[in-house]
Amino acid sequence: MKPATLEFLRQRFFAYYNGAIPGAGAGYSPESLTEREWGFLFFTENQRSGMRRHISFTSQDELTSYLKSMVPAHVYYSTAYYTHPGAAQMADKEWRGADVIFDLDADHIVRGPYDIMLARVKEELFKLIDMLTGELGFAKRDLRINFSGGRGYHVHLPLLSVRGWDTAERRELVNYVSGTGLSFDSMMAPSQKSGWKLRYHDALNDELARIAGLPCEDALSYLSGLSGISETFAAGFLKNISQTQNLLKSNPEKLLANKVVRAIANAENEPFQAGILSRAAQADEPVTTDVKRLIRHPGSLHGGSGMRVVPISVDQLDAFDPLIDAVVFGERNVSVDCAFNLSMPILGNNYTLTAGRNVVPEALGVFLCCRGIAELSGGI
């Protein structure tokens, strides 16, 4: 990033943290602010410059003063609570528990245009909320949801009841929402169809319907290609596939001994696993299991996009549009040099840019410069 671009971004972030932009400032205060470790990344020409961390604050005012004077590119605080959060060594901090966090990021879910990625991740968020509140006993009021300012959402559970959970307990939770480790035997065993059992049966039913709809030769080739399934077994299965579909709905336990159904539902069988994945909430497992994680501070700016990390209630999610509601900079024109042709929606308008010099609204200019897609060419 060129020096002029760095200075442009520093100036705009300075204006935000110092209240020169309507609705600006990072006023949100996490639970027990004084027990959190804080970390910061800054706009710098030194590509090797790392995070400045092991910092603690005694009050919201002290944090606000730091943001105003230091103007960080990224602001993080620990999901963990510590007796001595500012200690330079992790062993000296004295861990006292941690919030449970789910990270939904497009980088792990889908690639494509920015607005498409954001819409897709939002679908995962709704699935996660449904599982947490409908199946795992958490109330909507327990959830602290933030747009990450980048390509996804963070869901916090800042509850005393989960604060002391270790990594294994947190892994069990994230494995549930992501559908990891589902057992064919337990999914087919007699019991009420709900939660993952219902989703599993739906995925298997869809896969059986897909196979039944294939040309006979293609279906036979697919089934005989499954581990342990001969062409003879596959042919016999195809003759009775409608009966298998009926059993899945009425007496699924009778399919426990069916070699072909078991092979179809094998964890290595990609078509069926794609059906499971589409019904899962694709949370990033390492984030949830990490009991000493740093997470983005709501109200701060994301140095990779220039957008705000926005707290959102469950009831606001449907209407929330990150490319409008998380954008803090306005429509003042700036001139940028784009690295390539692109099309980008922001603030309710779609902008088509060509490689080279373009005059764009400041909101888009900040975004492109933060993303490394463009450099400032004038217009501060």
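Every residue gets a Cβ built from N, Cα and C, even glycine.
Per Swiss-Prot, active site is recorded for Asp103, Asp105, Asp284, and the stated evidence type is sequence analysis.
Asp284 (active site) sits 7 Å from Asp105 (active site), taking the Cα positions as reference. On its own chain, Asp103 (active site) has Ser148, Gly152, His154, Ala283, Asp284, Val287, Thr288, Ile295 as residues at least 6 apart in sequence with a Cβ closer than 8 Å to its own Cβ. According to DSSP, Asp103 (active site) is assigned to a strand segment. Long-range neighbours of Asp105 (active site) (same chain, six or more residues apart, CB within less than 8 Å of its CB): Val121, Ser148, Gly150, Arg151, Gly152, Asp284.
Counting Cβ atoms from all protein chains shown, Asp284 (active site) has 20 others lying within 10 Å of its own Cβ.
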